[in-house]
Each structure stands twice: as structure tokens, then as C-alpha cells.
Amino acid sequence: MSGLRIRKGKALSQHPAIELIGIDKSFGAVHANKNINLSVAKGTIHGIIGENGAGKSTLMSILYGFYQADRGEIRVDGQSVAIKDSQAAIGHGIGMVHQHFMLVENFSVLENIMLGAEGGQLLAKGRSGARAELKRLEDEYGLEVDPDAIIEDLPVGTQQRVEILKALYRGADILILDEPTGVLTPAEADHLFKVLKVLRDQGKTVILITHKLREIMAITDDVSVMRRGEMVATRKTAETTVEELAELMVGRRVLLRVEKGEPKVGKVLLSVRNLTVKDSRGVVMVDDVSFDVREGEIVGIAGVAGNGQSELLEAIAGIRKPASGEIQLDGKPIADADPARLRELGLAHIPEDRHHMGLVLKFEEYENAVLGYHRDKRYGSGALLDLNAIRADAAEKIEKYDIRPPNPRLKTANFSGGNQQKIVVAREIERDPKALIIGQPTRGVDIGAIEFIHRRIVEMRDAGKAILLVSVELDEIRSLSDRILVMFAGKVVGEKGADASEQTLGLMMAGIAA
Amino acid sequence: MDLFDIIVSILGSTIRLSIPLLFTALAGLFTERAGVFDIGLEGKMLAAAFASACVAYVTGNAWLGLLGGIGVSILFSLIHGFASITNRGNQIVSGVALNFIAAGLTIVLGQAWFGQGGRTPQLPASGRFSPIILPGADAMRDVPVIGPIYANVISGNNILTYLAFLAVPLSWWVLYRTRFGLRLRAVGENPGAVDTAGISVTWLRYRAVIVAGFLCGFSGAYLSIAQSAAFIKDMSAGKGYIALAALIFAKWKPVPVMFACLLFGFLDAFANFMQGKAVPGIGEVPVQIFQALPYILTCVLLAGFIGIAHPPKAGGVPYTKER
Ligand SMILES: Nc1ncnc2c1ncn2[C@@H]1O[C@H](COP(=O)(O)OP(=O)(O)O)[C@@H](O)[C@H]1O
Ligand SMILES: [Mg+2]
């Protein structure tokens, strides 16, 4: 296939840019899209909002030819089209920036842009043309990027820019962005929104998927709401409110704020001094960090993903050995302790990534419910486990945490993200630890479960536990924390109270202010 | 023999012993860079050696023999592709199965057709690739130093040897200068990127395994109709695995692959040379020690001496969109 294609000059017709009619899609037993209808007007920014797992990515991936719908029709500019693969979608002027970037990390920017649109059998032929076209696009949309930089060396915000350029390079008139702001600082998100507005003003159509209500209100012209695989409503953004959208998303009224009283702070429980941590390549990820967490307070760590928060958590949790520095729990040094010892000492850990660290997805629920605490005398003696005791214990937690479906014998992979997270939270909290370190407690969790998990965390704090919370969701940090530390490039660049404004924190997260 | 003659003779056999490794490692380079593990290189080589010998014996034509080897090797590749690309099976299991099939089938068929215990009959001269004497080799022989090297190391090899060395820059060029190469490297790192760019992951990976089959055809033919004059059972003798080690050692790059193969070839040649000879100061050392050297070196090198070898990221993982 050749590189740049020039489509027939299209007289601005009155047809919508995209119409989806009766789209239906199942993944095995999961009915991800149920008879979806959607119409997107030309030259608008159309938001699609819904909780995690509502089916937004699936729907747009069908439009982009990544998945095939089981049933339904797609119309582009009024014409019914068959989109059997991404090549067909590209041919119809559709481009997509996926939630997980589709970039080859050890390729240069230019190679990534050219991939699939090389302009001939030999690379040399297309390269200079691609370079010139890239330059033109950069200038036109304010999307600067060094064409010779290697993707893995670029910050995520820039990688996203490459994804957008990739779509534009292929001549996209309709640009789909799937949760584009999840990886961006507030300032980067603002820049992205400016770019999207420029695109719209030049006549392009933008479809923006997000689960953040604020973004919908800030930038879209229309908004469609998805819930559990269904399209429940479409509104003009100007004619709706955050409250209405939230209720449509969840199907009931929700509390968007966390209610909590003043903290009753006690002695220092968790103390970190001059901690330096390197990653497996030897790069310093946490750079001389010091802080304390006291009884009865939640200390939040804000920052854009990849600024050392993960490594900090891992070092405290005993998973990664610090290069230097000290960590103390209730006065005892713990920098050398392994996770089992830390649990004994009363440090619980809710890891950032429940799939890789928190759970064994192929285990049944009750097995995960004691994972890491299986040596406890309550669960058996010697080499044997007392399965009855473990299952009874699991059933109790299921009841208390409203984990659904309430079946300890179900394979963990078959629970939804929110319920999986509750399994982890229940396991760690119910052991009554002294201190709790938490990473991304509500990533990929539905609003109902978010509410529940947030309440539990606040209860733990009120019970006098020391809590360290890491999250890339600034809203979450702001609503839960009593004190906020901001991490940038491995350093704690500043501390603010719970009342710090989003702008202030955003600037600190970008390394601009301290 | 003085030292210089010894060196020339070891270098000569280094070249000869490296060639099958080189073709095979380049074959693995193409599949693995495309994200398909290829433990079945050994089997492909063995099957190709057998097929080449059979065809060359029946037709009396070495080129047809080579073609037969390539054909069978590509067939094996396609089976691997069908199992691991189309049906998303485990790539290691599929490769190991092919190795077993090749080992068994060559003996069974060889015995059934020729009745010589798995050997094929001795090939006529026309059924073999014979050494090519480069112009001036004899005249140069008496020139000091470069003369013997030219005559005994550079000249006097068969055509496949020269093709193997030609295949190195060619592979490099294909991988880094063509559209196919760009896509191939991309699919081994992130098949999702290739798919969303509108390129078929399946077809691309099939093309990669076909290229590997093609190259393994050469290494098999080299074993049975260039280096030897018949197929002998199990004649690949683990070279497929050594080639794989060379590939990892070379971090999946064509030119380093050549040097890695030459190194392993040299160790092999050295082991042969030391057979029955006394080591100064130690006395005679069991030849097994030298024969084990390439394998020991492989372990040592892979255990960390080459730094971390980053394999293609998507290697070994079948591409699925639906969980
Ligand atoms: N490739 C897949 N294979 C199997 N199930 C999937 C796949 N992609 C999504 N799902 C399931 O389909 C549902 C909708 O997912 P998705 O479209 O990603 O939701 P959203 O983007 O709104 O968060 C979820 O239950 C999810 O687990
Ligand atoms: Mg999604």
C-alpha cells in the first residue's frame, strides 16, 4: 500500500461523519457491545464516556477495524462500508490513538510513522518524503517531535503526539482518541485539547473516549454515555451537567466527593530517609527521597506515571532493594526486610498492578484471599493448608466487602476489575496492619467500587493507621490525602496541604514549580 | 607442521564448520525478529539434509538436491507456522515436535528407501557441490603468509560457502533497508502496531518463517551434499541449537551473527585439531573436554558475559486480540 493517499475532494455533505447502527459484539461470555447506535456529526468533538469496562474501547476498535462486530452496520459519510481490518478503516479516513500505544518502542519516530505507509519496497525512497510531510504536520498542528528520536526515550506525552501524527500522516479525517489524558500532566492535557480544537476547526471530526467528566465538559460538543455495553444516552454537552452524566454512567446517584473529617495524627510510623532506588537498567528512579507518615494520616504522592512512584512503592514493600537510604517502620529498620517479614511487622501493601503483583488470576478467589498470609496459623499447620478455614475466611470477606459474585470457588480472572481490586483490598486491610502502602487503588475500577474503596481507606486512617497513597489520578490524591507530596524525575519536589489547587500541583508535577 | 600451517589448517576448517551454523542462525534471525521462536531449526536442517541427499542421489544433480532440501525445509516451516501462527500454539512445543519428527522420519525413510541403516548411498560427484579453486590460488600458494591463506582458507570452498557469506550483508540489507524488513522487525516487537497500521500480522509472520525455511534448506544441503557425500543419520548433531545460541550471543543482529558463528566454528575446529594431542604441561586431555568447549562457552556467554540480550519483545507470544 502506498503512503499518502489523496481522497476525492469531498463536498461537505450533510451526512454524519460516522454512523454506527446496531453494533453488537461479544468476547466469549462477555457481551461488550449491545446493539449500539451512534451518530457523530462532521467537524465536531464527540465524547464517549462510561465506566471502565463499559465497552467504549471495544466499540471504537470495531470502527477502526481492530475487532470485527458480530452484527451491525457502519456508515462513513452516509455510505455503508465494510471495515474488515485497520487498513480498510485507514482507507476510509479513520485514525485511532489507542489507550495502550501501538508504537514500536525501539524504532525511531519516523520509522513508526512510516510503518504501513512506507511509500515503496525500499525505505530510502519514502523516507525523505515522509520527513517533509511530518514537518508540515508538526508545523500545522503545533505537534513538535524529533523524527530521529527513539520512542522508548521519549516521555509518554510525546509518544502520544507520535500516535496522533501517525494518524494524520495517513490522512485521517476522523480521529479517535482512547483515554488520551490518562498518561498526561494537566498542562500536557491542556495542550492536547488545544490541538484537538485546531483539528476540529479545520474540519476534522474527533471522537474522544474518556471516563473523566471534567474533560467531557471542557472540550466536547456532544457526548454519548455508555453503561455495561449499552449506549444509554447522547446529549449536547452544553445542555447537560456533570451530575446528570455521572448518574447516566453509573445508573444511580453517586457521591463524587469523599467525606472525611479532620485527621487525628499520632507518632511517626513509617519513615523514609535519603532513599535512592535504581531500576533494573541501573537508572536512578528514586533520588534521595525523605518523608514521614504518621499514625492517622494519609500521605498522597502525586506525579505523572513514571516519575519514580512505582519504584518508591516497591522499595518500601520490600520488592526492590534500595541502592541507599533508610526505611523504618515503627522505629525498626526495614530496608532489608523481605515482603513476608514486612507483613509480620505490620506493613500491608496494595500493589499498583493487581494483575502482575496482587493476584494470581488463574487461582480461585479464596486462594487469592490469603495469598501472602497463607503461612498464618489460622490457615493450617505444618505443610498442609486448612482449606475449610481459608474458604470460610474468604466467604466472610466476600460478604463484608460485597464482592460479586459471592463465590470463593470462582476463578479470579472471572471477576470484574472492581471486584478483583476489592479482593486485594480486603486481604490487606483485614489483617489490621499498622501501616498501609497503596498504589493506584482504583485503576480500572468502576465508580461504585471506587466509592467503597475510598471509604475503606478513610476508615483505616480514622482507625489510626499510617497510609501512604500513590496515584496518578490527581483527583483521587486531592480528595483522600491529608498531605500531598509531588514527585518529579525521582525527587520529591514539594509538599502541599490537602487544599492545594489542581493548577499548583499540576505545575509541580511537570517539574515547573516547587 | 609448523605453527603457521596449523593455524591455516584450523582456519580452513573453521570456515567449513561455520557455514551450516551461519545459514541456520540467519534463518533463526528472520523468524525470531518476527516474534516467532524457532527451536525447530535443528529439525529443518536435518530434514533438508536428508531431502537434499535423496534428490541429489536420484537426479545426480546437486542444484536439484539443494532445491529439494529447501522445499522440505519450507514445508517444515509452514507446519510450524500453521501450529504457532494460525492456531496460536506454543512455539517451543511446535518446534521441538518438528525436531523429533525430523530425527525419526529421516531414519525411517532412509532405511525404507535405501536399506543402509538410515544413511543414503554415496553421492556421485555431480550430485555434490565440490570445492571451487579461485583464480590464481595455485600460483599464489608460495607467496609467504597470504599465499597459503588465500589458497587454503579463501579458495577451495564450495559455492554454498560463498553464498553463506553473501547472505550476511543481504540479510542486513533486507532487514534494515526494505519495507519487508521494517515490518518484520516491527512485528517482533509489537504486533499490535503492525496490525493497527493496516498490515496483516499473520501473513508477515508466515513470510518470515518461509525465509527461515529457505535458509535452513541451504544449511541442510551443505551438510549432506557439500561437506559430506551422503546423508548420515542425526548429521545435524545439535548444530541447530548452537546456531540458536550464536543468534542470542549476537543479539539478533546479522553481522554479529556471522562473527558468533565463526567463533563457534573455530571452537569446533580447535576441538577436532586437539584430538589425541597433548597439551603442553598437562599431557593428553580427553577429547570430550574440547568437544564440550562450544557448549560450555555458550553457557558462560549466555549467563552474562554478553550483557543483557534483549530478545524481540513479542517473541514467543502468539498474537491474539481477544483474550
Ligand atoms: N480483547 C478482549 N478479549 C476479551 N474480553 C475483552 C477484550 N476487550 C475487552 N473485553 C471485555 O469487554 C468489556 C468491555 O471492555 P472495554 O471495551 O475495554 O471497556 P472500556 O474501554 O469502556 O473500559 C470488558 O468486560 C472487558 O473485560
Ligand atoms: Mg478502554
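Heads up, the Cβ atoms here are built off N, Cα and C, so glycines get one too.
Bear in mind that TrEMBL entries carry predicted annotations, made automatically and left uncurated.
Record features, source TrEMBL:
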TRANSMEM  B:6-29  transmembrane segment
TRANSMEM  B:64-85  transmembrane segment
TRANSMEM  B:92-114  transmembrane segment
TRANSMEM  B:159-176  transmembrane segment
TRANSMEM  B:208-232  transmembrane segment
TRANSMEM  B:252-271  transmembrane segment
TRANSMEM  B:292-310  transmembrane segment
Quiz item: Who are the chain neighbours of the transmembrane segment (B:252-271) in space, where the CB to CB distance is under 8 Å and they lie at least 6 residues beyond its ends?
Solution: 10-11, 13-19, 21-22, 25-26, 29, 32-33, 165, 168-169, 171-172, 175, 242-243, 245-246, 287, 290-291, 293-294, 297-298, 309, 311-312
Quiz item: Taking B:6-29, B:64-85, B:92-114, B:208-232 as candidates, which has the most Cβ pairs under 8 Å with the transmembrane segment (B:159-176)?
Solution: B:6-29
Quiz item: So which of B:6-29, B:92-114, B:208-232 has the most C-beta pairs under 8 Å when paired with the transmembrane segment (B:64-85)?
Solution: B:208-232
Practice problem: Using a Cβ-Cβ cut-off of under 8 Å, list the residues of the same chain that are 6+ residues beyond the ends of the transmembrane segment (B:92-114) and lie near it. | Solution: 37-44, 46-47, 49-50, 54, 76, 79-80, 83-84, 120-121, 231, 233-234, 240, 316
Quiz prompt | Tertiary contacts of the transmembrane segment (B:208-232) (same chain, 6+ residues out, Cβ under 8 Å) | solution = 16, 19-24, 26-28, 30-31, 33-34, 36, 38, 41, 44-54, 56, 62, 65-66, 69-78, 80-81, 85, 106, 110, 118-123, 127-129, 158, 160-161, 163-164, 167, 184, 187, 239, 243
